[in-house]
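Here is what TrEMBL records for this protein:
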type	residues	note
BINDING	Cys49, Cys57	[4Fe-4S] cluster 1 binding site
BINDING	Cys58, Cys61, Cys66, Cys77	[4Fe-4S] cluster 2 binding site
BINDING	His269, Cys305, Cys348, Cys462, Cys492, Cys534	[Ni-4Fe-4S] cluster binding site
Amino acid sequence: MNGSSDARVVEAAGASCGSVHASVREMAMFLDTRNVRTFLQRNAEQGTCKHGELGVCCTLCPDGPCRIRENATRGRCGIDADGIAARNLLRLVNQGGAAYTHDFKHSIATLRAAARGEGGFRLRDEAKLRWFAGVLGVAGEGLGAAELGLRVADALEDEFRKDVHQPLDLVRNLAPASRLQVWRTLGVVPGGYLHEAHEAGAKVMPNIDTDYVDLSLTALRLAISAGFLGNIATSVMRDIVLGSPDITEGEADLGVLDPACVNIILHGHVPWMGATVGRLAREERFQARARAAGAAGIKVYGSLCTGQELAQRPDTAQYLDGQVGNWLSQEFVAATGVADLFVMEKNCSAPGLPAVIEQLKLHTRLVPVNPAVRLRGVAADASLDYAPERAEAQAEKLIAMAIEAYGRRDPAYAPRVPAHKTPYIAGFGVESVLKALGGSPQPLLDAIGNGTLKGVVGLVSCVTAKTGAGGFLTRFLEELLAQDVLVLVAGCASSTAQIEGFMNGAAVERYAGPGLKQVCQALGIPPALNFGSCLDTGRMALLILALADYLKVDPTKLPVVAAAPEYYNNDALIDGLLAVSLGINTYVNPVPPVTGGADLTKLLTQDLDGLLGARFLVEADPVLAAGKVVEALSARH
């Protein structure tokens, strides 16, 4: 790595800067002059509860709270540090699985609407629909796509409702036989998430399950159930309805915002409403209304994972005018003064965002479109909570609200749009990666086999304030690329990588080591491939399963590592546990709140290797972390 690059990342990760992005730092300086508080100030003010950081604080009963410490090694009930930490972890995992399967339920409803021709949705990838029907055991011979879509939706709903003793067909039919045997031995072949979550919820009550091993195995069950339903199945349903990924291009950063236009921000993790708003906003009837209101037109932008989902597919990417950033950018997007309306899907709607808008007296409308999204002080209209059969009518109302908000811009508040934007390439999925490889994974495997590449990392991550809001992530990513590792990126990490220039042609010369550069130039790809939203862990899992099937090996034999270098939300715990359950070593940072339990920590970072063939890797330094990942890849050549 060159010195100037190192200095840039170190500076960006420092407390004085708070973000790796120059655009955010520029906006932060402006907001300082207005005494407007953002995550930067809150992060500096908040200390860290050391007991919570270690995972050994329990608040479950009125006899507590109890904290495990040197002179009090058990809670009042007698539970030890490992039991408290494992129980706390299971609660977090269950919340993450609930979030992913919440998307799964909405996707089933949208698949049904598409099959019925409602809400403007249609079945765009019939081949994938028929493949998926086969995976689920749904007979499709002689059926039209519409009827088959309805039957697949019914089958998925049945899967979701299976009891804990009824194994998921998705798991039995997609997972390699070698993995199934491992999972059966451990007793972690799951049923539907509805009942798995119910069982886990009962276990974390006081004085029920206090065995850290059983609690950890329960967390694995949740991750496999949520992973196959909420990640894999949801990714497939999105492809069936919106189209499968293929190569697209765009620009990212705050500089994509156009002060002359009505600007709609598609914010969150779920693409359905955003895809509909984007499509309808292009229609002349709405563009004309915007011009009549004094604007040059209407533009639509992606924010965090909703934008990444739409950027993945040519049919939806055509409606995007750019990607504004990751979840920690949202306060600064509003502060530009040109964001007229946020369409707020779940999740990552920061509770600090309304306060920024209020302090600056902005016109910006925040409109929740999911019943799970509610913010203090923000009016919610239940008629705008996404319903697929009414999606077009809802989108029309949202566009009208954005035009009305544009008319309330304060002329005294001069637009402040930083002049920063970076081109990116997106649209990588299983099919488009194989197309880039000439139809077979063999060229990639050959490059790894002959040492040109060290391997592949599937990086699915958020960004966190405590790790420099992308500073750790970019340093880690730089180091992997320099060491000839091809990196697939999903989640808020994709927004960060786009903005910092890892996902375009110029990145090959700037970041790639000699072997990776050779591969990228031969295939015409950037060194970091945009794999979509955080939920697209499911897409990465499908790629792992496809490679294992191609080579006729267990996934533990693949030179692949998963990584979450700045994980934030609880659904990231599902991602990590799913990867480890599949036999993929997984790096996580910050260290999860488990280290107060010595035996639990040993289980997760050492003993899982003997049980699953994979374990969690932890390291607080980004360069050393990349070294550990490369070492783990080399061990699997």
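Our numbering is plain: 1 for the first residue shown, then up by one each step along the chain.
Placed from the backbone N, Cα and C atoms, the Cβ positions cover glycine too.
Sorted by the number of other CB atoms within 10 A, the binding-site residues Cys61, Cys534 start with Cys61, the lowest. A straight line from the CA of Cys534 ([Ni-4Fe-4S] cluster binding site) to the CA of Cys49 ([4Fe-4S] cluster 1 binding site) spans 28 Å.
Fewest Cβ neighbours within 10 Å among the binding-site residues Cys57, Cys66, Cys77, Cys462, Cys492: this applies to Cys77. Fewest other C-beta atoms within 10 Å: among the binding-site residues Cys49, Cys58, Cys305, that description fits Cys49. You'll find the Cα of Cys57 ([4Fe-4S] cluster 1 binding site) roughly 29 Å from the Cα of Cys492 ([Ni-4Fe-4S] cluster binding site). Counting only residues at least six positions away in the same chain, the Cβ atoms of His267, Gly268, His269, Leu304, Cys305, Trp327, Gln330, Cys462, Cys492, Asn569 sit under 8 Å from the Cβ of Cys348 ([Ni-4Fe-4S] cluster binding site).
Apart from the site residues His269, Cys305, Cys348, Cys462, Cys492, Cys534, the chain places the Cβ of Leu304, Asn326, Trp327, Asn347, Gly491, Ser533, Asn569 no farther than 8 Å from the centroid of the site's Cβ atoms, the recorded [Ni-4Fe-4S] cluster location.
Other residues of the chain with a Cβ within 8 Å of the Cβ centroid of Cys58, Cys61, Cys66, Cys77, the [4Fe-4S] cluster 2 site, are Thr59, Leu60, Asp63, Gly64, Pro65, Gly75, Arg76, Ile79, Ile84, Pro206. Its own atom aside, the Cβ of His269 ([Ni-4Fe-4S] cluster binding site) has 26 Cβ atoms within 10 angstroms in the protein chains shown. A straight line from the CA of Cys77 ([4Fe-4S] cluster 2 binding site) to the CA of Cys49 ([4Fe-4S] cluster 1 binding site) spans 22 Å. DSSP assigns Cys305 ([Ni-4Fe-4S] cluster binding site) to a helix. Rounded to a whole value, the Cα-Cα separation of Cys66 ([4Fe-4S] cluster 2 binding site) and Cys49 ([4Fe-4S] cluster 1 binding site) is 13 Å.
In this structure, the C-alpha atom of Cys61 ([4Fe-4S] cluster 2 binding site) lies 19 angstrom from that of Cys49 ([4Fe-4S] cluster 1 binding site). Separation of the C-alpha atoms of Cys49 ([4Fe-4S] cluster 1 binding site) and Cys58 ([4Fe-4S] cluster 2 binding site): 13 Å, rounded to the nearest whole number.
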